[in-house]
Amino acid sequence: MQGSKPIQKTVPFSKLQIEKLEKEYPTPFHIYDEEAIRAGSRRLYKAFSWVTTTDGKAGGFKNYFAVKALPNPYILRLLYEEGMGADCSSLPELLLADAVGIKGEEIMFTSNDTPAEEFIQAKKLGAIINIDDITHLDFLEKTAGIPKLLCFRYNPGDDYSHGNPIIGNPSEAKYGLTHDQILRAYTTAQQKGATRFGLHAMIVSNQRDEEILADAARLLFSLAVEIHEKTGIRVEFINLGGGIGIPYSPVDHQVDIEDYARRVHGHYKEIIVKNGLAPIRIVMESGRAVTGPYGYLVSRVRHVAKKHRDYVGLDACMANLMRPALYGAYHHITVLGKEDRPLDHVYDVTGSLCENNDKFAVQRILPEISSGDLMVIHDTGAHGYAMGFNYNGKLRSAEFLMQNGGTFKLIRRAETANDYFATLDFEGSDFSGLARNKATSPPQVGNKK
Ligand SMILES: *Cc1c(COP(=O)(O)O)cnc(C)c1O
């Protein structure tokens, strides 16, 4: 990782464009930049273009986009057009991939604590099942049956020490098989009828150091050699998992994807090729790095309050982006139309939850803010909307895809109070009526029997 100069955090749309959009769709909403997502995807594929198929042909690399990062079918479809598959870990995520037309081995099913119906659905779709625990082999056999192709998730425990606060130390992580278990798992799976194999680990999260990222690949390459030596089994692909980081803060290092891919290639030649195991396909499950930097949460300032501190209250809240509250994560903020104003004020930027963690920024240096200002919170394209929740009766926002630099396609409408009440059946009460009468007259929750 080289020393880097601060990144310019810019916004790909203008204040005028937002004001136009807002006439029809009130803030807050997320906007994803299609062109930038496509450009980033192409760059990733180009960096790994040295990866060959099992027949030794070009084009062996695949990223299975982690659906949990941005579970919107319009996004999945455009990534599919760029050659990506889907990494799913729940039934609804499998249904989403299927709806988009992502098929068979284009789907990686990397789950944990998995219920039978998910294994059954994954097997039905022909997805690659990635096993998280040794006991799941028997469970899979009894419920869905053992597929021909199986992948195992490895947890290196204390053998890997670059842990990070989000995913933590591997020895404390709930995921994957230990070294001894994974060796046994391959032979057991073979006895149960599997004939093709993959190897997976995800041991970094939001990691921006190329050397550490590549080191995770090195660890898996060595394990593939050991599996071959001890069991005679050759894995046909190695799945490096997700975890490529992005620079949330302008002073964060930006991963040099070409440098990372070169380092992985170096380990591949040194370990896989030298031991006569090539070709092994390299795949990954990157989510954050694929869409994260290309999403923006747009929100209006409701109130500016001066108390013991100065507060900017937005119309967005933790329901729209949870990372700052959950992890204390930094998300850059641009005030539209005030980009050139002096940065001479300090604010906590908050949402409206009755929960003091509901802050997008704490003691952030910003230009002077007035009520009605438009704020853009950066890097919300992954683990942003997706983590939303309805605590305090807060509703999730709309999502837009920005296309051709200026068209905004609504790819998910905002929730309404009706959506919030949709799962209730309270003594025949018509909550949809409640939703319509919101705010005007305090509604009676009547019993219409
Ligand atoms: C979350 C997750 C990913 C995606 O991680 P990113 O940080 O978004 O790249 C990939 N694989 C698994 C198993 C995950 O849990």
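Glycine is no exception: its Cβ is also placed from the backbone N, Cα and C atoms.
Within Gly243, Gly328, Gly337, the residue that TrEMBL lists together with Glu285, Ser286, Gly287, Arg288 for binding pyridoxal 5'-phosphate is Gly243. Gly243, Glu285, Ser286, Gly287, Arg288 are the binding-site residues among Gly243, Glu285, Ser286, Gly287, Arg288, Glu355 whose C-beta comes within less than 6 Å of an atom of ligand 1, given in sequence order. Cα of Arg288 (pyridoxal 5'-phosphate binding site) to Cα of Cys354 (active site, proton donor): a distance of 29 Å. Closest to Gly287 (pyridoxal 5'-phosphate binding site) by Cα-Cα distance, out of the recorded positions Lys68, Tyr327, Glu355, is Lys68. Comparing Tyr327 (substrate binding site) with Ser286 (pyridoxal 5'-phosphate binding site), their Cα atoms are 20 Å apart once rounded. Of all the recorded positions in the list Lys68, Arg323, Cys354, Glu355, the shortest Cα-Cα distance to Ser286 (pyridoxal 5'-phosphate binding site) is found for Lys68.
The recorded positions considered are Lys68, Arg323; of these, Lys68 has the fewest other C-beta atoms within 10 angstroms of its C-beta.
Taking the centre of the Cβ atoms of Gly243, Glu285, Ser286, Gly287, Arg288 as the pyridoxal 5'-phosphate site, the nearby residues of that chain (Cβ within 8 Å, site residues left out) are Ala66, Ala69, Gly241, Gly242, Ile244, Met284, Ala289, Val290, Ala382.
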